[in-house]
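Features of the protein shown, as given by TrEMBL:
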ACT_SITE  Cys317  active site, thioimidate intermediate
ACT_SITE  Arg416  active site, proton acceptor
BINDING   Asp261, Ser262, Ser263, Gly310, Ile311, Gly312  NAD(+) binding site
BINDING   Gly312, Gly314, Cys317  K(+) binding site
DOMAIN    167-225  domain 'CBS'
Amino acid sequence: MATYYLEPSRTFSEFLLIPNLTTKDCTPNNVDLKTPITKFKKGEEPAISLNIPFSSAVMQSVSDHNMATALARCGGISFIFGSQSIEDQASMVRKVKEYKAGFVVSRSNLKPDQTLQDVLNLKEENSHSTVAITEDGTSSGKLLGIVTSRDYRLSRDSLDKPISQFMTPFSSLIYGTSGITLPEANDLIWEKKLNCLPIVDEHQHLQHLVFRKDYDADKENPHGLLDTNKSYIVGAGINTKDYKERVPALVEAGVDILVIDSSDGYSEWQYETVQYVKENFDVKIGAGNVVDREGFLYLVKSGADFVKVGIGGGSICITREQKGIGRGQASALMEVAEAREQYYKETGIYVPICSDGGIVHDYHITLALAMGADFVMMGRYFARFDESPTKKLKVGNNFVKEFWGEGSNRARNWQRYDTGGKQGLIFEEGVDSYVPYAGTLKENLDKTIHKMKSTMCNCGSTSIEELQQNARITLVSATSLVEGGAHDVIMKENGLSAE
Ligand code: IMP
């Protein structure tokens, strides 16, 4: 006979936090968001901790090397998507590990025979003010010049004017050569009053750009997530099918931590994959996703360093509609967190859990932490930023970015579905969508973090551990949800104004 769970499963929006006493030392500046990501024994330090409890989702439209460096710079981690060739994924990992703070790969590149109109289109698309002009229009082609807004005047120049006629040519550029250090590059930038210094190799091929603003920005990021060699820490997604080829390549590229990316992780395929990785490599590995105690304990038994929780709550996810499996994210998390506590008491081993998917408001992150998550994984949240791999597009009067599920036809990532054998999936579990463009990762993250720290202070906690121990969480009724928003007033933003 079937087992019934007759309590409805809950989502984050159905809960609120009740404030505890806020003592005078409990201020946002005193809140520490450091959190473990790999299992550890009581009294010992985890091998890897995050400085902020954020990870970006294992998705084509979210986590590439650019997102990974940007997020690690702020103290979180990206798991680079695995739905690409092993070589391409390893190369992204390598780029993160080899990234030198302050040296960026040029993301706006054109050829000299393109036009002013092309420059303007590119600028509208990605808001970069500096365009590198290379022989082949790539970020590593022979550098022929640079275009910034100082090189053209819209009132005077025609839009079909070739770039070669108005760019600052290489012969007039001040540039650095391979091997230059960041302080040296910075000295040149200051001495010559530059905004950007291109770095070229001995064949004049573009390697990096160093921006004045990035140098300052790096100094503003004391929370960068670094390994012992001062490279950024990076994760990567794997599947349960080609792991025997993929994992060695990722380890060789320097990956710090893997995660098995799957919609349902309570499977013998996951168990075998974790065991294989643990037996053959010295690399950390997380597994998932699960939504209950049994799934959690099964993956812990396999040797997983952390366990990811959540089925069907993702913003682009239609798993629940398609297959009828899943559980409200809050209920799943609370049950797994309880199992983790019990396991910790019995064994003295703390296994971090990650709440994956379904974060809509910033306070959902704080709630997830209060319910026992050690960190969250988000797709939609990060997809909105400049640093995500997708194009910024204009729809009507608004800018958007594309965002598609790993289980959508577009991603064609059938390897994340454990159907046994090599057969692909014949129905979709995700959609292809837009999300509103929201600017840079750093400015959004800073705001979110400030909100979270303020909430934690309301709850009398200056660390995630304290929040998990002291939080008082209440269910809310449908009518109190209405009370929680602005209500019974005429909103001015509806276009009304007094005479
Ligand atoms: P979000 O933060 O709500 O956008 O959720 C992101 C999470 O959705 C990811 O970390 C995955 O666990 C999950 N996900 C990604 N792609 C798909 C899909 O196509 N179908 C179902 N779930 C997905």
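Glycine residues also receive a Cβ, built from the backbone N, Cα and C atoms like all the rest.
What TrEMBL says about a protein is an automatic prediction, not a curated fact.
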Residues among the recorded positions Asp261, Gly312, Gly314, Cys317 that border ligand 1 - Cβ under 6 angstroms, in sequence order: Gly314, Cys317
C-alpha spacing of Cys317 (active site, thioimidate intermediate) relative to Gly310 (NAD(+) binding site), in angstrom: 11
Gly314 (K(+) binding site) versus Ser262 (NAD(+) binding site) - Cα distance in angstrom: 13
The residue listed as 'active site, thioimidate intermediate' - helix vs strand vs coil (DSSP): strand
Cβ-Cβ distance under 8 Å to Gly314 (K(+) binding site), same chain, at least six residues away: Ala57, Asp356, Gly357, Gly358, Gly379, Arg380, Gly405, Gly430
Distance [Cα-Cα, Å, rounded] between Ser263 (NAD(+) binding site) and the residue listed as 'active site, thioimidate intermediate': 10
Densest Cβ neighbourhood among Gly310, Gly312 (binding-site residues), 10 Å radius: Gly310
Those residues of the chain, 6+ apart, with a Cβ under 8 Å from that of Cys317 (active site, thioimidate intermediate): Ser263, Gly357, Gly405, Gly407, Glu429, Gly430
